[in-house]
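K.L.:
Quick one: the structure is below, questions incoming.
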Amino acid sequence: MAPRSLDSPLSVVPWAAALLLVLSVERALALPESFYTCQIGAGRLRSHWRAHNIYVRIVFSKMRSFPGQDLVQKFSGALFWRLVPRGRNASSSKPDIKICIQCPGSVQNLSEVALYCKQTPELMLHARCCLNWKGTILGLDLQNCSLKDPGPYFPQAHTAIIIDLQANPLQGDLANTFHGFTQLQTLILPQDVNCPGGINAWDTVTFYINNQTCQEQRKLCNSTGDSEMCPENGSCVPGGPGLLQCVCAEGFHGYKCMRQGSFSLLMFFGILGSTTLSISILLWGTQRRKAKAS
């Protein structure tokens, strides 16, 4: 019996089946979550690689041979290694966060952000950011970037604990810029720029020759009095340095959280629809009369 060529329609079936099996290898291995945190030793990585090869050999041993089987096996190995981040600063593990690449260069080795990031093994430096294994920004170093304002992507760093903005010609009030930065504990600014929220928003404000440091963000909700700042059905939550906001309790909404129950979408769209229909009929009748009169 003559062997079938790769162009034969019958040869497509084993090719397709083999590719589907290969693509399911990584899921079948059920690699632990820590495997993707770039914290894996070489021995552990080799054990997963051996398990991968064993799995592939078992799969192909259960199938009849077909043209290109060796090529598919090699492809499966390449796919396995592509999914594995190699090294602590592997490019495959770095998310595309625009605020991190807003300013050219990388975090300076002696900066406060670099020192903070190197203290914890689970953290890694990426461009101008210090990230955890989930890709969350915990540190941001934008010093000496000629910035007049932090830029439109700055809210991406609202989870940061330390931010360095020194040596920048910043202009204007930065209070609203840090809205939502509730985790921020250390902020380094140029000497002529005030800490957002003022001195009362921070436990410690230290002035140096070239910069100033705002440390330990205060929780204003505890100091101002919850009952005075928020209505009866609302509670005070931090909103950033020198900022707070009142959140309505569950089941309440509207002005000063005075309305109870969920917002009635049916009533809203019913009134809106009936009003629109009435106005449309009125305009149609008016235009019809004018047309008859002319």
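Glycine is treated like the rest: Cβ placed from N, Cα and C.
Just so you know, TrEMBL annotations are computer predictions that nobody has curated.
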K.L.:
Quick one: TrEMBL says C248 makes a disulfide with which of C246, C257?
P.N.:
C257
K.L.:
CB neighbours of C257 (disulfide bond) within 10 A?
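P.N.:
There are 19 such Cβ atoms around C257 (disulfide bond).
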K.L.:
For the domain 'EGF-like' (217-258), give the DSSP counts of helix residues, strand residues and coil residues.
P.N.:
12 helix, 16 strand, 14 coil
K.L.:
Give the sequence-ordered list of residues that share a chain with C248 (disulfide bond), lie 6 or more positions from it, and have CB atoms under 8 Å from its CB.
P.N.:
N233, G234, G254, C257
